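See structure below.
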Amino acid sequence: MTVLNREAFKRTVVVPALKVKKETVNSVLKSLKQSVLQRPGLKRVVEDPEDEDSRLVILDPHKIAEFSLGESEQQVLKQLSVHPEVSKYNLELTYENFRSEEILRAVLPEGQEVTSGFSRVGHIAHLNLRDHQLPYRHLIGQVIIDKNPGITCAVNKTNIIDSTYRNFEMEVLAGESNLVTKVKENNIAYELDFSKVYWNPRLSTEHGRIVGLLKPGDVLFDVFAGIGPFAIPAAKRKCRVFANDLNPESYKWLLHNCRLNKVDTKVKVFNMDGRDFLQGPVREELSKELPLLREEQKTAFHIVMNLPALAVEFLDVFRHLLVGEPCSAAAVPTVHCYGFSKHEDPAKDIQERAEASLGTSLDGRCSTYLVRNVAPNKEMLCISFQIPMDVLYKRPCPDEVEISSAALDQFVMEPGPCCWTPVPISKDRGRRAQTLLVVLIPKGIYKTGPIS
């Protein structure tokens, strides 16, 4: 069967029934709850056609062997003054009384794996069917819709996730074709077009874990922000947030969800390549903020990189991203970087790959967290670490400093080896702005000249 025929599930079955007085029905149901028949849309108690003062309690034939109650059930009924005799009852079953697994097992070829699981995204059921199930995909989609209230659309992924925009092609199997939906995660509402952006309800716990590390006043840089599952709850916690995504659709829905949750004034949103975001807005903000922090200040900086297919490869951006040294080593940003691993030791694998990108060891300076099992022998992990100071900062060479001619106007060098002192001097308004190389030489003389 490749087209669902609901009429084919109509049948009459003989089941055990127990006759009880109306006033004792609730007590019997409570006492025999393990033996009462439980089926979708099915009444457990029906009228007795021969006695209007009595009711028939329908029992599960798989639990009542040979239509005879066991000793323990008989003792319970004796205490309730109910005769333990079981009668036979003709029960009419329809499509509505069968579970989705039973329906799929009945219609799919014998021996085939039955799939009834899916990810729910608002009103959409997202399936990931195997090749042998594809001829029955429309039937499977319709069964999922029928058996899950609130689901009005079933889709199947038709290719792997695009690592550029993190979305994938999908086919509507059954129901409506509207893929703009609403979801709620950790008490925050989001809206999205599921066909154009990435959303995974299985990451809810991980989103909450990272956001739980943040304190009011902290700064979050979300490099691959999607529609905002890290950025928006962080802003709700009174953090300052810089959120970026390369996908124009994700950028659009990120802006929309910031407005929806009334945090649009607390989140700066960017539509850039992740590398450009780190080398631009992130570098600029860190260069401005870190030197101003005093030892007693508690502001923490977090950088989230949730692009598991590629994020580890971006870690080399942190090599000499900044110049100088911060006032407090504790203020150096903490990175939370996600990755996939098929290695027999996933934690070791992701640490070694991160170390290769950073060019330094992270032994004793990082932690790894298993996020979820993605597929057989494939794990998703998060590695967290403070960026090592010698990686993040490039210290100026003591005898060569690259400055602009405008900055040079503010400084002259007083006599003494390697000693700079700011001294106001007259400005040459006609000097052409250019990049100069200042070379320190003995006796406090400086030479300047354009860098070729």
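Cβ coordinates come from backbone N, Cα and C, glycine included.
Unlike curated records, TrEMBL annotations are generated automatically.
What TrEMBL says about this one:
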BINDING   His207, Asp245, Leu246, Asp273, Gly274, Asn306  S-adenosyl-L-methionine binding site
DOMAIN    118-389  domain 'SAM-dependent methyltransferase TRM5/TYW2-type'
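Per-residue pLDDT, averaged across the domain 'SAM-dependent methyltransferase TRM5/TYW2-type' (118-389), gives 93. Site extent for S-adenosyl-L-methionine: the farthest pair of Cα atoms among His207, Asp245, Leu246, Asp273, Gly274, Asn306 sits 22 Å apart. If you take the C-beta of Asp245 (S-adenosyl-L-methionine binding site) and look for same-chain residues 6 or more apart in sequence within under 8 angstroms, you find Phe224, Ala225, Gly226, Tyr251, Leu254, Phe270, Asn271. Within 10 Å of the C-beta atom of Asp273 (S-adenosyl-L-methionine binding site) sit 15 other C-beta atoms, taking all shown protein chains into account. Within its own chain, Asn306 (S-adenosyl-L-methionine binding site) has Asp222, Val223, Phe224, Gly226, Phe230, His336, Tyr338 as residues 6 or more apart in sequence whose C-beta sits under 8 angstroms from its own. Taking Cβ-Cβ distances under 8 Å and a sequence gap of 6 or more within the same chain, the neighbours of His207 (S-adenosyl-L-methionine binding site) are Glu185, Asn186, Pro229, Phe230, Pro233.
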